[in-house]
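Note sheet for the following structure.
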Amino acid sequence: MNRHRVDSLGPDDEVMPYSDDETDDELEASSEEEPEVMPGVPQPPVEDRPKMAWKVKANDRPYHQLPEFQKKVFLCIKKSRYSGNDIKTYKYNVLTFLPLNLYEQFKRVANLYFLALLILQIIPDISTLPWYTTLIPLVVVLGVTGIKDLVDDLARHRMDKEINNRKCDVLLDGGFQDLKWRDIQVGDVVRLKKNDFIPADILLLSSSNPNSLTYVETADLTKISSFRSCVLFVSPEALIECEEPNNRLDKFVGTMLWEGERYPLSLDNMLLRGCKIRNTEACHGLVIFAGGDTKIMRNGGKTRFKRTKIDELMNYMVYTIFVLLILVAAGLAIGHTFWYEEIGADAWYLFDNKNQGASYRGFLSFWGYIIVLNTMVPISLYVSVEVIRLGQSKFINWDLQMYYPDNDTPAKARTTTLNEQLGQIEYIFSDKTGTLTQNIMEFKKCTIAGRSYGTNPLYFTRIWNRQADRKFTFMDHSLVARIRSGKDKDANEFFKLLSLCHTVMVEHKDGELVYQAASPDEGALVTAARNFGYVFLSRTQDTITIKEMEEEEKTYEMLALLDFNSDRKRMSIILKFPDGRIRLYCKGADTVIYERLSPNTRHKETTQTDLDVFANATLRTLCLCYKDITPAEFEAWSRAHKEAQVAMFDRDGALDRVYEQIESNLMLIGASAIEDKLQDGVPETIATLAKADIKIWVLTGDKKETAENIGYSCSLLTDDMQIHYGEDIKHGPQTSRQGKKKPTEPFFPAPGKNALIITGGWLIDFVDMACECEAVICCRVTPKQKGNVVSLVKKYKKAVTLSIGDGANDVNMIKTADIGVGISGQEGMQAVMSSDYAFAQFRFLQRLLLVHGRWSYIRMCKFLRYFFFKNFAFTLVHFWYSFFNGFSAQVAYEDWFITLYNLAYSSLPVLLVGLLDQDVNDKLCLKFPKLYLPGQQGSLFNYKNFFISLFHGIFISLIIFFIPYGAFLQTMGQDGEAPSDYQSFAVVTASSLIFIVNLQISLDTSYWTFVNCFAVLGSIAIYFGIMFDIHSAGIHVIFPTPFTFTGAASNALRQPYLWLTIILTVGISLLPIICIQFLHKSIWPSVGDKIQRNRKKYEMEMEVEERKKPPTFQRGQRSRRSAYAFSHSRGYADLISSGRSIRLRPSGRGGPQSSIREIPQREAENI
């Protein structure tokens, strides 16, 4: 029931193929396209549905060019639907770079706006500024962005060329020829050798290995080294019918038609592009999907585009500036209309030989002011923001305190667009296994036939068991004694089951057994069986060989292997013993095993009690059972199994139904318990983040008892919290997602901290309640439910969320959250490859958020506030000047000053503040987590701050204009010359503005370095240097039209009276700001201000604490584990039990099985 409710939030995996690489929009669009199934309307049977359209014939290129396989490209132009094998990940070529890149850049509203301004400036009647005042900044912005895009695309070109030119042996004209990958086509038979990369998605035809196995390293897909094995086919003369290309790495459905018979094909028969052949001298395969149709290329598609809250706010503020610009321009245009009617029309000296009315002149004045005031919308804002974000990302990458030397893993910012959002996180959603824990499993306890073992220490030696692992330890002498005595059949059966019922692959290296397991749990269990005398030695497609108690080797015939998945939560194996008996062994989570036990089974209650004890000790538990099967019963079941295997639609569902038939009336043997320890620093990290008012939710597959104990172990739950359980809550679902408004009354009116432990399926009914809790643990959640939980909080609480995980089953929630963090651990790199930030240990999260996130947020907010201020102060001088020039759109500055103001005179100091500024150092950020609160509240950049910057700019523009204006009225220079001309006025106002904006950023700078000081002084020096150059007579002689202020700077600035005017203007502008900052920090200091004031004191205290600090955290002081010992991933069952339907079998043998191929750990099925 719970699963039905939650799954209804998203697409049905069986109805519509689902991949986490699809976006939400794609999923919604796909689901809308599906025809609705009306109740009561009969549906066509499966047999009547269309057949699979993708057909491949071996070694027959003309077949794939037939008209039936053509698709329309444009008008009447058609081409084959089968892609070639060359790949193109680049975006541009020589011809398309300029038009496509410009098209993409002009999709930004700001760039399009400035292009429109440039066009307006070309119109003589409208233009009040030379065209180059807009063109030069626009070209610089477009050029910087274009160069960055070009560098990125050239790297993609080089990579594509290298891959497409790799060589491979292809069967052509009766022999193998050496071809480039780009020349391979669908249907080609290829030969691969050891250490070759696989060029396309191919169906394995043959292998040089005697047991028909082909080992592949899946590093390019999952960044881990594992092995796959595939079935041996006997002929390439076959027609393949299969599903069309898609992006599901975990699924492939098809059939092979050969000699009039159909045989099932699945992903276990495939070798995917991007893998590498290992431990196999040679193999042959048939190309099914090539080039862009391969699964790895399909998974390189669209991902969810994430934007920060500041991005959204910044866009709204730019729109607000647009509106203000239009209103101001309209007001000034109306003013010009009235002025011309009253004054301008009668002034003979203003006659311009144009027969234009006042209204028309007002209309032209409107567009003129749009041009003059365009700098209110800062063209360089977006480029500056990208530069700052890039620098902040580099600082994260270079942080040695987030480097993990054990596996040589630095922190990695995989995106440059979300840094400041790290300083606004309100909710963290964390996986448990491998994220909070180490994901290194050890067999610790077990219960067999109602008796619990694992209390007294015993260290295994090779005295009685030469195959034992020296590193293995167990805490009970008595269990070994009972097994060696041979009198306890249940104990022997327990470990025999562990040695037989698994999907582990084995290698022999230097006389040692090396196990390759689909999950750490599987490896720990098989290793335990090995150390208790039941040693797994080898396996083929049909047999498993073990050594029992140092006696002779025994080989068991494997009739069927029923693999684990996240829905079944169990796996089974059907074996034929040497004496002819047929027995099913099964292991799985207690919730599913107990439902399938026989009424005659013994020790159910005592085993359940032991399971509760193990769960309270936070161990990962697993129930073991068996069932004897008669030959007739197995024969009937085998026929049903074969029919399910060749089903063309809903094959997985059909197999699950067949599995249910045989996995019933089981006899319980006992249960195992495995330990998974916490990572270093997890409790401290969670406690620190909680002090920063970040709410942490753990989403786990554990059962409730284990989840609660783990919560206490990692300090997520504390003794002062009131724990609430989902099943005990009296509130009904009416307070949940049906009503989008928050309930008027809180769920927990009593003061104090609250925590909620609830089953994931029910959380959707209690989202408001959960969000009032300091901590939430969701038990028994599937990968899809994890993503749904994150979506609920984002949708109904409008909160900034972060998800952190380490496995493929965490990818859904990582992509759903505003920020996704991947941990590179034991389960491969699937989570890392889908994340925005990555590192090796959970404890680095506090530094990522409280240090880098907080600094990035403060820097970006300070940058934006100042950037808006300096542009308002600069632009609104034109507004005041318009009251003295008849609202004629005359500019107050020199044209080149307008051009270079944002590019050279005021850009560097604010960029450095956005990159380097910090109010307190990193140690104080971690010592005082409350410093993080302003980011969550968004208090440093919002509409209030925006309007403060606006009014600050208005105030400064008033001072900059009117003080020089008053000083220029009726004055006389020292040498008798009048300095009250327009050009001298423009020089004085511009010089005052440059001093003010550069000194203002100095007042706002908290962290001074030599670079900051150099930038402020350098900007002022650059201004005077350029100004004297462009006001010189020499440049006027060369370019008389654009440089008209000849001698203005030298004439004006040699007057002491004007220097006094500049000093007075700067002083009056900055003095109120200094007073306000002083009063604010003295009377209403923030937490940051108080810490800054006492910074020296706190730093000394921290030095003393550092000296007194005890030794570093000791691993293994407390254990943290999970409730059932399977990760959310399939094992190697379909791989191992493969191929029997392809080759002839004696009639007494069982039905067909799937192929043999090692699936990567935490495979993409579970994304």
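Just so you know, glycine gets a Cβ as well, placed from its N, Cα and C.
The structure displayed is predicted, hence computed values, not measured ones.
Segment annotation: TrEMBL labels transmembrane segment over residues 982-1001 (candidates 762-781, 982-1001).
Check TrEMBL against the ranges 1090-1115, 1142-1167 and you find region 'Disordered' recorded for 1142-1167. Less than 8 angstroms from the CB of Asp431 (ATP binding site) sit Val698, Leu699, Thr700, Lys786, Ile804, Gly805, Asp806, Gly807, Asn809, Asp810, Met813, each of them six or more residues away in the same chain. Compared over the binding-site residues Asp806, Asn809, Asp810, the count of CB atoms lying within 10 A of a residue's CB peaks at Asp810. Beyond its flanks by at least six residues, the transmembrane segment (946-970) meets 317, 320, 865-866, 868-877, 879-881, 884, 892, 979-980, 984-985, 988-989, 992-993, 996, 1057-1058, 1061, 1064-1065, 1068-1069, 1072-1073 of its own chain at Cβ-Cβ distances under 8 Å. Within the same chain, residues 108, 110-111, 113-114, 117, 120-121, 123, 125-129, 134, 137-138, 140-141, 144-145, 314, 318, 321-322, 324-326, 328-330, 332-334, 336-337, 340, 344, 860, 863-864, 867-868, 871-872, 874-876, 878-879, 882, 887-889, 891, 898, 901-903, 907, 910-911, 914 sit at least 6 positions outside the transmembrane segment (360-385) and bring their C-beta atoms closer than 8 Å to a C-beta of that stretch. Using the rule of three or more Cβ pairs under 8 Å, pairs at least 6 apart in sequence, the transmembrane segment (316-340) is not in contact with the transmembrane segment (129-151).
Here the binding-site residues are Arg620, Arg780, and the one whose Cβ sees the fewest other Cβ atoms within 10 Å is Arg780. Per-class residue totals from DSSP over the domain 'P-type ATPase A' (164-209), listed helix then strand then coil: 4 helix, 25 strand, 17 coil. Residue density at Gly701 (ATP binding site): 29 other Cβ atoms are found within 10 A of its Cβ, drawing on all protein chains shown. Distant neighbours of the transmembrane segment (106-123): 129-131, 133-135, 137-138, 141-142, 318, 322, 367, 370-371, 374, 377, 379, 381-382; these residues of the same chain sit at least 6 beyond its ends, with a Cβ under 8 Å from one of its Cβ atoms. For the binding-site residues Thr433, Phe564, the largest tally of other C-beta atoms within 10 A is found at Thr433. Residues of the same chain lying 6 or more positions beyond the ends of the transmembrane segment (863-884) and with a Cβ under 8 Å from any Cβ of it are 310, 314, 317, 328, 332, 335, 369, 372-373, 375-376, 378, 381, 384-385, 388, 890-893, 901-902, 906, 910-911, 913-914, 940-941, 945-946, 948-950, 952-954, 956-958, 960-962, 965, 989, 993, 996-997, 1000-1001, 1004.
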